[in-house]
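Participant: Sharing a structure below in structure tokens format, with a few things to ask.
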Amino acid sequence: MRMRRVLGSRVHLSESCVTSSDVVAQFSSVGSLGPTNAYLNNELLVSLSATPTSPSPRTSLKLVFPTAAEVRGSYEGYAAGDSIPHSEANWVKHKSYMRSMMHKWVATQQGRERAMPHIKVHHATGDMSWFLVTSANLSKAAWGSLEKKGDQLMIRSYELGVLVFPALFQTSPSVNVTLRNVTNALSPRVSTVPRPITPAPSSLRLVVPGRLPYDLPLTPYAVDDEPWVWDKDYPQPDALGRKWTQRRSVTPHSFMMMPPSFGFRESEYTSCN
């Protein structure tokens, strides 16, 4: 709700976003969201698409989360998936409405293609109207959910985030501020150090560089892609030649605390060599 209030009072959309835009949510953990898309569309998306303009733009939600194949081919192999909690039970409940929203973790332009994410970054498309770096993953516990017919907000987790939007950099009404995503290709030529702005006689366009951890445009899941889930068996060897199996009697939360084998028993994470 805090995001809804700030976006709804201070973040004015560019002309390219007035008619339609997308909200991109990238995360490294998925909680229980319910059997329908009601929470994502009627609560989370409403908050992340809030704007002072009326009527609100037509907005769709796009989700970025690594596929099982991306985890398998990562630098750490399946071990990287131990810090990307997503249960098979939740995916079974969510798949019918989330599948069409899912996009791969593609980060070639950012030099992070095989590095699995633990960062959480959300942004609005168009001229990147805003972006948010936060500890909040995709769950009701982190973002909160409305109860008692919308009169009460229940939040179960402490989270912290930093929201960046153009108005923060506006020094006068004549300054037109836009945010710009900076990739590896651009970063050597684009300074990320703030510089003093001299007043312009009529108008000044100020471009504020930011850095999204994933590439744009997004890459949707292919027909045969499946999101990473950490409590199922993956018999195909990963980049390190190892397989991933789970004992159904061991819950994710309990095996997270098993040192030093990245949260799985050594006999369950086997080398093919």
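Backbone N, Cα and C atoms are what each Cβ position is placed from, and that goes for glycine too.
Take a look at what TrEMBL says about it:
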- His118: active site, proton donor/acceptor (ACT_SITE)
- Lys120: substrate binding site (BINDING)
- Ser139: site 'Interaction with DNA' (SITE)
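Looking at the shown structure, can you explain where the listed features end up?
Facilitator: A coil conformation is recorded for His118 (active site, proton donor/acceptor) in the three-state DSSP classification, outside any helix or strand. Cβ neighbour count for His118 (active site, proton donor/acceptor): 12 (other Cβ atoms within 10 Å of its Cβ, all protein chains included).
Its own atom aside, the Cβ of Ser139 (site 'Interaction with DNA') has 21 Cβ atoms within 10 angstroms in the protein chains shown.
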Participant: Hey, how far is Ser139 (site 'Interaction with DNA') from His118 (active site, proton donor/acceptor), Cα to Cα, in Å?
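Facilitator: So the alpha carbons of Ser139 (site 'Interaction with DNA') and His118 (active site, proton donor/acceptor) sit roughly 15 Å from each other.
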Participant: Can you tell me whether DSSP puts Ser139 (site 'Interaction with DNA') in helix, strand or coil?
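Facilitator: It is coil.
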Participant: Measuring CB to CB from Lys120 (substrate binding site), give everything in the same chain under 8 Å that is also at least six residues away in sequence.
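Facilitator: Expected: Gln26, Phe27, Ser28, Val133, Thr134, Ser135, Ala136, Asn137.
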